[in-house]
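Enquirer: Below is one structure. I have some questions about it.
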Amino acid sequence: MNSIRIDGDITLGGLFPVHGRGSEGKACGELKKEKGIHRLEAMLFALDRINNDPDLLPNITLGARILDTCSRDTHALEQSLTFVQALIEKDGTEVRCGSGGPPIITKPERVVGVIGASGSSVSIMVANILRLFKGQELLICNSIGAKCFAKLLKQLKATGAKKGPRVLCSALSQRQGSDGAAGPGPREMEPHGAVFITDPCSLSWAPQAIGVQRLSRRAKPIPQISYASTAPDLSDNSRYDFFSRVVPSDTYQAQAMVDIVRALKWNYVSTLASEGSYGESGVEAFMQKSREDGGVCIAQSVKIPREPKPGEFDKIIRRLLETSNARAVIIFANEDDIRRVLEAARKANQTGHFFWMGSDSWGSKIAPVLHLEEVAEGAVTILPKRMSVRGFDRYFSSRTLDNNRRNIWFAEFWEDNFHCKLSRHALKKGSHVKKCTNRERIGQDSAYEQEGKVQFVIDAVYAMGHALHAMHRDLCPGRVGLCPRMDPVDGTQLLKYIRNVNFSGIAGNPVTFNENGDAPGRYDIYQYQLRNGSAEYKVIGSWTDHLHLRIERMLWPGSGQQLPRSVCSLPCQPGERKKTVKGMPCCWHCEPCTGYQYQVDRYTCKTCPYDMRPTENRTGCRPIPIIKLEWGSPWAVLPLFLAVAGIAATLFVVVTFVRYNDTPIVKASGRELSYVLLAGIFLCYATTFLMIAEPDLGTCSLRRVFLGLGMSISYAALLTKTNRIYRIFEQGKRSVSAPRFISPASQLAITFSLISLQLLGICVWFVVDPSHSVVDFQDQRTLDPRFARGVLKCDISDLSLICLLGYSMLLMVTCTVYAIKTRGVPETFNEAKPIGFTMYTTCIVWLAFIPIFFGTSQSADKLYIQTTTLTVSVSLSASVSLGMLYMPKVYIILFHPEQNVPKRKRSLKAVVTAATMSNKFTQKGSFRPNGEAKSELCENLEAPALATKQTYVTYTNHAI
């Protein structure tokens, strides 16, 4: 077995990955210059310093037994059995020398503590061995098969012991024993003790070949201090109680990496781990911390097999690309696997796609990224806080083949480092390899950079030295050298002293251990950057309980200082809510808040209050604009024009009638009803101003009163007139006596009675439902809230409007019926025909009003259209009455005063007879001059009363 032996009063064990993992059945592979030789030399450097320090372990020399783990846990297990050989009592009862005497067995040096190992999986294997010797009987069997082992257990049980001894097999096959039987797994052996499985058995079953070795009853566990193992599993004090480490647990490292991921605003990452305790437990710790802290999701977790097949790394890259949004990859892997992953990424033409975040196994090493600088550019790595040990640099640079013969692997390092061969026989013809001259110098003829864990190797050796010093001070006070109480050293006691050390390490950092043997978490954060063609690891931050990250110092491939994205889903825009994907809180779909909804929080949309609408970005609500018909609106131009013109015309007619109040035409028109009708027409025009005015209590009250009142007055007067004409002619057909209630007073009484019904209905409406203005937000609540408006209006619904105008419509229809009945009155008689034409035209106007008004109830311009339609219809109705009934009279009064003269008087019978006969000769009457076409019926209706003693009643011309 290749190992370094250094004699001393106290011997420390050392485990270092001097070589990499072998392939094709070989245990060891290529030499590891940094991780192997640098770290090994750091232990030798620390031993030299302690042995030369008069204040630390004076008069006590530390020796060493250093072994190569070959970066393989099973190989390290076999190697570490060397440390427990001194604890084993060789059973030589079956062995005899040639002379027949018992054999002489040389007892190896006793190891009191172990420095190492490097990999977590190796440390776990070794820790399980070193802690087993806790006063129990242990049987160590070498090179036996599965059947052999089963028989051995059977024999052990046959001894009758209540609790069997613990059994350790150094070469029991996990796959198949030498006897062809499948090897048992560790769980099958647990009832009988701890079992460790390494290489296949090479010996068949034979009693003499078992070689059972019994552990000395005085044996104690061996404490272990690792300089690089960071797996969280090793913090389990119930399983690895004799394990300590000067590097922080990956639990701290995982927390630091989660903090970095969150600081870079990444929430969707993949993980990549080498199979084994370090990689798997590191990733598990990262995933656990990400779940606890929240905000980071794992896209997928990929494992690198311990023995990867050809093309395995290409398959890993293809799998990582399945979740292409997860561009950040968290790596807990050894440097060999890291390098092969980078090579596979370059092969797949994915340079710049992935953003790597490496654990301390990557750190600031050159080997994983050598000739892969572009693929690794931007990688963020983490490394326990360290400083370069200048004393070690001087020491290592001075090492030569002559002054470093104690390192049996140094010659191999020399050849590898200087690319030369020490032996001429190793040189091949035609090769460019030169012969070593021993004049080469490290750092001058070759590149040199101190490996990152050198500081921790030195601190681990010093921790063991300080613990032994404190133990010697307590157990051997005043004694020079070792005393019997420390011969041998009790591992259980030594562990207590190790856990209590507190000193300043080689780099100035305090070295302490917690109750689980872990060092405090202190990390430096690096980024691998390319600047002007040169690559370097640049410190961008640190982590000690919390993160300090200098993001402005970071550089990313292709984007400079702009942070790259590694997110499952892009952030939702304002006004969009997140709908998370089940089981993946970092992935979501963005759904816009629709309609009148606004964004309450990231996950909720809520409808705005009825009088509000969402803002432009839908992050809140704002009041809906309130509209009303303005005076300057285009919709108000026509109604106002008609109203103003109508009012002016009405006033002109009134003034004319007042001025010519005593003329025959004015008298014949029925002055009282004419003025009532003109008042109704005036109110119809004035209603337009009430409809356009801003709705309030007063305006709305006046609308209720005058909107229907003006029309009621107009149609009540016209109805009274048409009714009187109808009754006069109907009465005249039967007798010569005048009908009742045709006097002016009676006519006014009838008209005001009809009007009072309208007023009574309005009063009842006021009592039942007091008038007020409202803002109707439903009237123009469009699908697009941007166009929503609140309409300020009076509380007059469409149904209320129908009821309000219904009575006026009834008067209008009744008046029209009478106009139809009196259609037989000749044109030469009175106003029957003009009233008929007025009512026909009015009906047409209101028949057009109904579909326009109610057909636009869903229009966005409902307020404007309906108000305009209503006011124009009312104004047109008034204009028709004014134009057809009064304008001809005004025309005659002003421009043809010669026709404004009284006609001769005739009896009622004569008038009726003439009217009857005129139906037969309408064509003749149509050719009469305008003044002569007027009837002569009832010329003296303005007389006080009908003379009872006279045989004939006289009427003034144009009496109706």
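Glycine is treated like the rest: Cβ placed from N, Cα and C.
Unlike curated entries, TrEMBL annotations are predicted automatically.
Take a look at what TrEMBL says about it:
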type     : residues : note
TRANSMEM : 635-661  : transmembrane segment
DOMAIN   : 635-909  : domain 'G-protein coupled receptors family 3 profile'
TRANSMEM : 673-693  : transmembrane segment
TRANSMEM : 705-726  : transmembrane segment
TRANSMEM : 747-768  : transmembrane segment
TRANSMEM : 799-820  : transmembrane segment
TRANSMEM : 832-854  : transmembrane segment
TRANSMEM : 874-896  : transmembrane segment
Enquirer: Based on Cβ pairs under 8 Å, which of the stretches 673-693, 705-726, 832-854, 874-896 lies most in contact with the transmembrane segment (799-820)?
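Expert: It is 705-726, which has the most Cβ pairs under 8 Å.
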Enquirer: Any chance the transmembrane segment (673-693) and the transmembrane segment (874-896) have 3 or more Cβ pairs under 8 A, given the pairs are 6 or more apart in sequence?
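Expert: With 3 or more qualifying Cβ pairs, these stretches touch.
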Enquirer: Near the transmembrane segment (705-726), which same-chain residues lie under 8 Å Cβ to Cβ, leaving out any that are not at least 6 residues past its ends?
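Expert: For the transmembrane segment (705-726), the list is 670, 673, 676-677, 679-687, 690-691, 739, 742, 747, 750-752, 754-755, 758-759, 762, 804-805, 807-808, 811-812, 814-815, 818-819, 821-822, 825, 830-832, 835, 838-839, 874, 877-878, 881, 960.
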Enquirer: Counting only residues 6 or more past its boundaries, what in the same chain has a CB within less than 8 Å of a CB in the transmembrane segment (832-854)?
Expert: 718, 721-722, 725, 798, 809, 812-813, 815-816, 819-820, 822-823, 825, 865-866, 869-870, 873, 876-877, 880-881, 884-885, 888, 960
Enquirer: Within the domain 'G-protein coupled receptors family 3 profile' (635-909), what mean pLDDT does the predicted structure show?
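Expert: Residues in the domain 'G-protein coupled receptors family 3 profile' (635-909) carry a mean pLDDT of 83 in this prediction.
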